[in-house]
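Residues or ranges marked as domain 'Major facilitator superfamily (MFS) profile' by TrEMBL: 12-505. Sequence annotations record features per position, and here TrEMBL assigns transmembrane segment to 48-66, 78-96, 108-128, 140-159, 165-186, 198-218, 224-244, 264-286, 298-319, 331-349, 355-373, 481-501.
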Amino acid sequence: MTPAAGDRRWLVLLVLSAGLALISLDNTIVNVALPRLQEDLGATTAQLQWVVDAYSVLFAGSLLLAGSLGDRFGRRRMLLSGLVVFTAGSLGAAVMTDVNGLTACRAVMGVGAAFIMPSTLSILVQVFTDPRERAKAIGVWAAVAGVGVAIGPIVGGILLEHYSWHAIFWVNPPLSIAVMIAALLFVPESRDPSRPQLDVRGAMLSSAGLIALVLTVIDLPDAGVSVFTLSTGLAAVLLLGGFVWWERRAPRPLLPMSLFGSRLFVVSVICVGLVYFALMGAMFFLPQFLQLVQGMTPLQSGLSVLPGAGGLLLASLFSSSLAEWIGSRRTVVTGLTLVTVGLLSMSFLAPGSPYPFIGACLGLMGIGLGLTLPQATNGVLSTVPRERSGMGSAVNDSIGELGGSFGVAILGAMLSITYRGSIDAAIAAAGDTIREAPTAVVEAVRESLASATIVIARLPQDVAAPVQQVAGEAFVTGMGWALLIGALVTAGGAVLAWRWFPDHVAAAAE
């Protein structure tokens, strides 16, 4: 690292943050367009979930490989390569006219994002060598990562207010090109001086195993115990088991198993996973609630998450200062407790809940996420040798993506199961108006709230009103149970952090 590079480190952080914001937005920018996608492409709920999760599946599966390639061949080089792939996937998605093609392009974008995200964090570690400065820089990085996810619906809502859903992908290429140019001008190259040999076997086992694992989790709620889920589940166990076996014996492992002997490392990755579990799970169905139950436009529903985004931004920026005052452990526990309170409060939402209550819940969640994520990320990186920051960043990012995928899959499954059960119970108890509705209408209502909204618009008013009420109440019931499960998970994380997280990360890592 040259002195000049050190002098402009905050400019480097700005460029890295721009690249990170680009891919973080795409974690949730699609969510606000789900109702429009279902209407235009005729997508089912399962297909919509794949549009969301294809990005995360390939993202998570490619991260460890991408981080190790950055350590060996150059972190800026991998950043630029990722931006090229991400741009190509975005262009494909922007011109796509069927849901399967869109899902494939989202997968390509996920691969590109996997090369971008660990590069941004590992370059940051190389540029900011002072521990206190690095903690503040990680706070900025975490703020951008979290806020990008949170404001994705806002950006999507603004675009959908004026254009078709294709616009949420057309916006990526010019921004990607701008980040590429800035990276070439200002971001220094760095790599592991020892130029370690790539652990090809470990990379193949980890990528295939993680993809199989996420595929199983996503498909199990809808398909149940099927040939596909049994096959992918067994493949995940064998591949990840083989990965652990090989990494214990590899001369230069992709992921040293010795890291899991560090309590700080283990509790930090758990906290990172829980943060994204809660964030991505909630962001999957919140836009649907705001648009389909409360009748907001895409832009209004996007703007509604501003309290959460603002809380996350401010808390992330002040997380390191708070940790110096009250300690890292209390900061993380406070953060996870606030997330729990926010999720628990939102589990009591009703179709007519006033927005100030919703905004307050989102604000609590945002502050909690912002306090937790920088400390947990710093905990992960503090246990990894600086020359292998690419690998450490990839572990941090892959855990976040896995946590997000599990959040969408598990909470989304709970929502779907409870929704259908509530619909069946309501139909059984309803009067003749609903029971005598056409079979196609009943099946559409059972499929999802988005499907119900489409068919309800074509019904006579005397039939549409009671069906709309039943579907909306069923969705809110399912969302409440899903949020309650999310609250229980984050509450467990708070207890774990209280027992295991150190008072001061830097001291514990030395």
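Quick reminder: no glycine exception, Cβ is built from N, Cα and C everywhere.
Unlike curated entries, TrEMBL annotations are predicted automatically.
Outside the transmembrane segment (78-96) by six or more residues, the chain places 19, 22-23, 66, 69-70, 102, 104-120, 123, 166, 169-170, 172-173, 176-177, 179-180, 183-184, 187, 390 with a CB less than 8 A from a CB of the stretch. Below 8 A, the CB atoms of the transmembrane segment (48-66) and the transmembrane segment (198-218) form 3+ pairs separated by six or more positions in the chain. Taken as a whole, the domain 'Major facilitator superfamily (MFS) profile' (12-505) shows an average pLDDT of 84 in this prediction. Non-local neighbours of the transmembrane segment (264-286) in the same chain are 27-28, 31, 52, 56, 146, 149-150, 152-153, 301, 305, 332, 336, 339, 343, 346, 365, 369, 372-373, 375-380, 382-383, 395-396, 399-408, 410-412, 415, 479, 482-483, 486, 489-490, 493, 496-497, 500-502, 505, 508-509; each lies 6+ residues outside the stretch with a CB under 8 Å from one of its CB atoms. Residues 49-50, 53, 56-58, 60-62, 64-65, 68-69, 72, 229, 232-233, 235-236, 239-240, 242-243, 246-247, 250, 252-255, 398, 402, 405-406, 408-410 of the same chain sit 6 or more residues outside the transmembrane segment (198-218) yet have a Cβ under 8 Å from a Cβ within it. Using a Cβ-Cβ cut-off under 8 Å and counting only residues 6 or more beyond its ends in the same chain, the transmembrane segment (331-349) has close neighbours at 271, 274-275, 278, 282, 289, 315, 319, 322-323, 357-358, 360-365, 367-373, 375-376, 476, 479-481, 483-484, 486-487, 490-491, 493-494, 497-498, 501. Nonlocal intrachain contacts for the transmembrane segment (355-373), taken as residues 6+ away from its ends with a CB within less than 8 angstroms of a stretch CB, comprise 142-143, 145-146, 150, 271-272, 274-275, 278-279, 282, 290, 304-317, 319, 322, 331-332, 334-343, 345-346, 349.
Between the transmembrane segment (298-319) and the stretches 108-128, 140-159, 165-186, 224-244, 481-501, Cβ pairs under 8 Å are most numerous for 140-159.
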